[in-house]
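Have a look at the structure below, then the notes.
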Amino acid sequence: MNDDSGESRAPAPKKRGRRPGSTNKPKAETAPGAEAAAPGEDGKTRRPAPRPRKPRTQPKEAPADGAAEELPNMAESSAEDVMRELLIEELSDSAAAENANENCRREGVPAGDAGREPAEKGERAEQPSAQEPRPERPERSDRQDRDRQDRDHRRGNGNYNGNGNNRRERDVQRDHVVSSLNISELQEKSMQELAVMGAELGIEGIGALDKSTLVCEILRANAEKCGQMYGSGYLEVLPDGFGFLRSASYCYLPCSEDIYLSPSQIKRFALKTGDYVAGQIRTPREKERFFAMLKVETINNDSPERKKEIIPFNSLTPYFPTQRLVLERDPADFSTRIVDLVTPIGKGQRGLIVAPPRTGKTVLLQKIANSIRANNPEVKLIILLIDERPEEVTDMKRSVDAEVVSSTFDEPPERHVQVAEMVIEKAKRLVEYKHDVVILLDSITRLARAYNTLQPHSGKILTGGVDATALHKPKKIFGAARNIENHGSLTIIATALIETGSRMDDVIFEEFKGTGNMELHLDRNVSDRRIYPAINVEKSGTRKEELLLHPDELSKVWMLRKAINGVPAAEAMELLLGRLKKVKSNIEFLLTLQPNNN
């Protein structure tokens, strides 16, 4: 473009407005002597205004008519000024683009669509618009989910997956592991059931493990799977002050899964031998051999706080039995019917069954136990077999629904003594909690032999080789039987062997003869004639039977004794059995008795 003077003028580069708040302020290029404000009145040309942005306010007014824009001459500008202008233009373009994107976001228009023209050849292709649907992410597989949860679990966060199931709980369900195990329940299971549980837990070599070891391995494996463990048992306090919980399933025999109780726990809860303790346990730590009790929850199936309120057994008041244990239940069971007539048994009775060999004492004990279980279900029944044959132990367990504790003849005397003392102490603790307990002991003669074997030599030997002090502890066990006033009771019916050919057995019977308040004698002559029960009615009897029998019943029983007095034992038993077979109950039989009847 040419002006009036005819000088050639070059077009000035385009100027764009800078972004508000930008620190890069372009320097305005003006002619020498010109002002940097609005166009002056002298008509000199000023720099053109920046290109207007999308205004939010009114744009600036154009210069007045007649004021021609005069552009600077490029020839008069130095090279440095040209470079500065190019740099300012580039910065202004970027600032304007950012400002346009911000305005588009405010108006809800996608940032890349405002005022954009189709791309020309050589230009970069446009990015996909925000409105275009993005491709769906591929779903993670179960393996990827488990890997992610494993990483979260190791980091300590994100322990729960999308379904809300804990990874640890999922592992437990996958491995069929019970979250909490009770050691007592495991001890009551058979080897087949324990083998199945061990296989599910991944225990190897199950066939070579005994029951006790297998139970320990199951508990350890379950503990590694985060399961809690609970245990219970009957406490045995050792001389050193600590104790172990023994299992009734193993006849209180020391084993590897016994639970350790510290002296502080025993002292805190005033625990004694025979207390039934239950609570949470833990596995053995390094250099430990036994499970340990973490928290005592119950003592004798009651709260631990009540234990200190219990009156000790030796402080309770004993008295004669006043409440009868009726044995008659089946008209065809003549053994229990005759025992009811001849030697009635009460709660708290201390009785002896005096029996020569092969007179049917074991069968008689089974019938007495079944009758007590049927007629007196509230009674805690325990059968204690000392120095017996293994097959008789098995037969007793299968014949009677009661706790059978045994120590067979192939075990040492220490075992006989330990089992007997545990059972007696357990019974005492039950009586302290006002329970009625019945112990059928077979036999007290063999128990006394075991004590005599373990007794240190005192220099005082009785006839038959019995130490003078050896019978003190068995007498203490037998003497624990008593009826407690306004409390529970402990009944002990023990067998005493005679006519065995051993002078020691006769001496032991003579020592125990005056300690009981009931004696039931079995006769070898009666059993040789195959008359059962082989009871010698004349020798048998109960002290203070008037406290157990009704006065009318008592008079009839005395009438019966007078009738068979002086009659041989076998004939008396045949006569009594013949009369009982004709009636269905003992009451009917007693009503048939007349004063003149023989």
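Placement of Cβ uses the backbone N, Cα and C atoms for every residue, glycine included.
Caution: TrEMBL annotation is automatic and unverified by curators.
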Do you know which of Arg329, Arg389, Arg398 TrEMBL groups with Gly346, Lys347, Gly348, Gln349, Arg350, Gly351, Arg358, Thr359, Gly360, Lys361, Thr362, Val363 in the ATP site?
Arg389
DSSP three-state assignment (helix, strand or coil) for Arg350 (ATP binding site):
strand
Give the number of CB atoms, excluding that of Arg358 (ATP binding site) itself, located within 10 Å of its CB.
11
Just how many other Cβ atoms lie inside 10 Å of the Cβ on Gly360 (ATP binding site)?
18
Helix, strand, coil residue numbers for the domain 'Rho RNA-BD' (228-303) per DSSP?
9 helix, 34 strand, 33 coil
Maximal Cα-Cα distance (Å) across residues annotated as binding ATP, namely Gly346, Lys347, Gly348, Gln349, Arg350, Gly351, Arg358, Thr359, Gly360, Lys361, Thr362, Val363, Arg389:
30
Spatial neighbours, same chain, of Gly346 (ATP binding site) - Cβ under 8 Å, 6+ residues apart:
Phe320, Pro321, Thr322, Gln323, Arg324, Leu325, Asn483, Thr491, Leu547, Leu548
